[in-house]
Amino acid sequence: IEIYSLCVDCKVTSRFAHTVITSKIVNRANESREATFEVELPKTAFITNFSMSIDGKVYPGIIKEKASAQKEYDTAVLHGQSAGLVKITGRKLEQFHVSVSMAAASKVTFELTYEELLKRQLGKFELLIKVRPKQLVKHFQIDVHIFEPQGIRFLETDSTFMTNELTEALTKVQNETKAHILFKPTVDQQKINPELDETLLNGDFVVCYDVKRGATAGDIQIVNGYFVHYFAPREMPVFPKNVIFVIDRSGSMAGRKIEQTRDALLKILQDLRPEDHFSFITFNSKMAEWKSSLLQATAENVASAAGFVQTLSASGGTDINRALLAAVSVLDKAERLPERSVSMIILLTDGQPTSGESNVEVIQENIQEAVNGKYALFCLGFGFDVSYKFLEKMALSNGGIARRIYENADAALQLQGFYQEVATPILMKIEMQYPENAVEGLTKNNFKLFFEGSEIIVSGKISNELDLLPVEIKAQSHASDLTLKEEANVKEKEQVFKNQSYIFGNFIERLWAYLTIQQLLEKSISAQEEDQKTLEAQALELSLQYSFVTPLTSMVVTKPAGQQQTELANKPTESG
């Protein structure tokens, strides 16, 4: 079985990435063989299309509602259940895997398409392409086109498998608004050494970039009646933070995990700003407060905290409820905090609640009632024994996010990396306002906090008659209350994309659908049951209309007669 061609074709238009992976395989044997198409794609992406062409006949994947696809599948299979075609394979990736039996000398072409909106983190966008052909490929190429009308501020490529020889196969061409990256190694360049037929191509190929930004109310782009508004102010004063670290020191944290937690906390202490206030609560079946109130991050207090962190050891049960309620109470009672400041609780735990209140629904209610919208709660789940669903619901219900920390050598770096994302709040209570009568289907347009290095994105549909789209942004910065205004000329904005040959025409509409589905699904996590059904129904309708494989849809892949007829591609989620 020879893969004679493997092409990854990626077009990024204004952060929206459309990737097509095409693999062409020939069976050079004189009997039938199994051909496998195995690719990894970002977890944040939605698959939108898949097809197999076998000797000229096309077998397309068809996207259906998950429940009905499952029924159909069960009927077809009846005996035993094969694993789905997609599974999570790491922190950022999931794997799509399909095999088909090929007759002697026949050819098959596999083609998979997926789309995602690149998210700005720590000041850059990252396009991740996983490369692992497992054999030398005669015609191999990665072809990336980026078009950013705001202008490209910087762009770099990075790869885990580059050698000097392979660097010669990489070309980058870039102007003000466009970049083209082509990686096209010959068979000789792909080899680990000249004698062996083993490939070097195994790992990540990453393109990082950021766009230029004026100091205005963000950037608006419009195509075919849909708009997207990007807002990422820079060089603004940072809000002082009042942060309480709630650290699990139950028995399961013993050893490596508590060590890595100590390492990360020592680094994070160094990153606190002098005007920040902070404290620690550690818990197992009992709860211990380092200090009864928040302390200012003076050199002396930070040194004292470092001494405390170094003594952290782990044993006993897990009383999450009591520890979080204590953290809220410390913030409630805090005095002499900076007038304009941001209060947050960062919980790190590696297990289920086993001591005190152990019913997760009750804990969620208790915490939400106590926090009452005043503070942001971030939940970090260490490893795979946590109930990620519980942490995610708790964080999203209280203005924060959840993140899984993987039990690897770099766990301390993961913890620090997360802290860096939330370390510099520069705006709060952000409202993105558009004329009500002229805009519909608006995505989320008010945000509790904005952190330096990230980006706010709002998208919607504009009514036909509009010539000018006025925008008003209201927010609080550390220095003052802001009102920023901007007017977008609809005709002019539409013109920007008209002459771009490789742009798929309705990309802002698809971006709008992608963002809306993501937000509906996220909202449904923390919603009441009746609302949950409504939100999921809306997300399902859009998933089907725009053919996205989301947690609510499945792609049914049908194979040639005589083979296991149908298989399902589902979207795996972090909470399993």
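Glycine residues also receive a Cβ, built from the backbone N, Cα and C atoms like all the rest.
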*Select from 70-97, 154-181, 462-489, 518-545 the stretch of residues annotated by TrEMBL as coiled coil.*
518-545
_Let me spell it out: take the coiled coil (518-545), skip the flanking residues so only those 6+ beyond its ends count, and list any with a Cβ under 8 Å from a Cβ in it._
46, 63-65, 117, 389, 392-393, 396-397, 443-444, 551-553
*asked:* Could you tell me the mean pLDDT the prediction assigns to the domain 'VIT' (1-116)?
replied: 90
